[in-house]
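K.L.:
The structure is given below, and queries will be raised subsequently.
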Amino acid sequence: MALKCAVELGIPTAIHNLGGTSSVEDLVTSLSLPQTKLPFLRRVMRLLVTSGIFASDSSGDKETYRLNPLSWLLVEGVDHEDHTNQKCFVLGTVSKHYVEAALSLADWFKKDLAPPIPSPFEELHGVPLLDEKTPLLDSELHNIVVEGVAAHDNLAIGTIMRECHDLFRGLESLTDCCGGDGTTARAIVKAHPHIKCTVLDLPEVIKTAPADGVVNYVAGDMFKSVPPSQAVLLKLVLHHWSDDDCVKILEQCRKAIPSREEGGKVIIIEIVLGPSLGPIMFEAQLLMDMLMMVNTRGRQRDENDWREIFMKAGFSDYKIVKKVGARGIIEVYP
């Protein structure tokens, strides 16, 4: 809630606009807050520094606050390829509807619900998250969540392009399933101009996509068909879906690609649960799994879970190419 407060007040942007460092007195003035709130803001900032959201420097009795790589992602109005503003992701995660769903978890466990079992969010609010019905619950929440998920999905795409350049080597065509406005596809084309990229998404998403001539947009449903290409990309898509639904999606992806000998593969960017990255990263992965459990019918998966889904969908082999932060990059072969 302290992080929510900082984001809603615009503290990261204020520090950025003040030259990258600020005293609490300057923040109060910049944000037009009552002077009486100064000691309270200092307490909030002290917590957020200790939690790793901001950094601080002390000189005598004066403490100043500055951005670190995490709070940099909460600055608004920055035009940089490695910057995707995560404000809406934070606000969605701590929204009233998310919190109420989490608070109803014990009641949800006690109910003998018929499969497919709805998430606590869906059971409590009567509509699924990220669904055409969600705006009926709260249109502002729906817009925040859609924007937040897009920002989260596009986070670190520049890093992936640099760290995993070979991932796209030799490809002539690629379909980005649930590719939204084409941010990832455009990044791929920028790094690999010879690749013909297609974005598949729902009609309501495609109708707002930019007609830039760089990417081909197709309105459709990945459960029914995927545009043919040498490779299919599923970036942070499958964790929203149940195991059975993941198999159905992957079956359509398998139909869309050629044989392994012809370069056919599905590229999946998802969390691969496991303690190998240390306790802090593992806890973050598990908290993301709880986020999925409370708000969707999906989940985060470990390597064994992924292997089982791949085999059920008719694939013959897979390889975890690299881990970037909490996420794994997986190549799956027909």
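Just so it is clear, glycine is given a Cβ too, placed from its N, Cα and C backbone atoms.
Curation does not apply to TrEMBL; its annotations are automatic.
What TrEMBL records for this protein is below:
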type	residues	note
ACT_SITE	H239	active site, proton acceptor
DOMAIN	1-76	domain 'O-methyltransferase dimerisation'
DOMAIN	105-316	domain 'O-methyltransferase C-terminal'
K.L.:
Kindly report the helix/strand/coil residue split of the domain 'O-methyltransferase dimerisation' (1-76) according to DSSP, in that order.
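P.N.:
DSSP classes over the domain 'O-methyltransferase dimerisation' (1-76) add up to 42 helix, 15 strand, 19 coil.
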K.L.:
Far apart in sequence but close in space: which same-chain residues, 6 or more away, have a Cβ under 8 Å from H239 (active site, proton acceptor)?
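P.N.:
Counting only residues 6 or more apart in sequence, the Cβ neighbours of H239 (active site, proton acceptor) under 8 Å are E270, I271, M288, M292, T296, G298, R299, Q300, R301.
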